[in-house]
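Annotation comment: Swiss-Prot describes 32-97 as domain 'NAC-A/B'. As annotated by Swiss-Prot, region 'Disordered' applies to 122-151.
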Amino acid sequence: MPVDPEKLAKLQQGAAKKVGGQRVKAKKVKSEQDDTKLMEALGKLKATKVNAVEEANFFKEDGKVLHFKRVGVQSAAQHNVCAFTGYPQEKDVTQLIPQILPQLGAENLEILRQLAEQIQAGKTPSMGGENAGADEDIPDLIEGQKFDEVE
């Protein structure tokens, strides 16, 4: 089989060219921009770092707790501003009871008593308690019955 020298030269030139174009690099998502804006705002308020805080707990109305294991706290008392930075974990109150008890004061004894009663009754604890009687109007379904037939 004879080889045509013109076609061979053309193929060698084509092989030297780059095929596919330039690779586009993926952009990295940086959360540092938000942190720098926050730090700039706190710098304008002359916030100082509070070193004595090891952990922080924020109680939500639904009975959950935002728990910061390692927390950074900055405070600007003259502007009534505190900033908590870190990675929160959403936990149930019952998971944190042994750690929370020494931190709670006398004003929270009523909440603790209600929580203990709910745990003893076998219910899941909820801080609100406003939806306790809402399930009384809902009928129980029995196997084989349709929803419309139950009164």
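Don't overthink the numbers, they just go from 1 along the chain as shown.
Note that Cβ sites are derived from N, Cα and C of the backbone, with glycine treated the same way.
Here the structure is a predicted model, which means the values were calculated and not measured.
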Average pLDDT across the domain 'NAC-A/B' (32-97), rounded to a whole number: 86
Helix-strand-coil residue split for the domain 'NAC-A/B' (32-97), DSSP-based: 21 helix, 27 strand, 18 coil
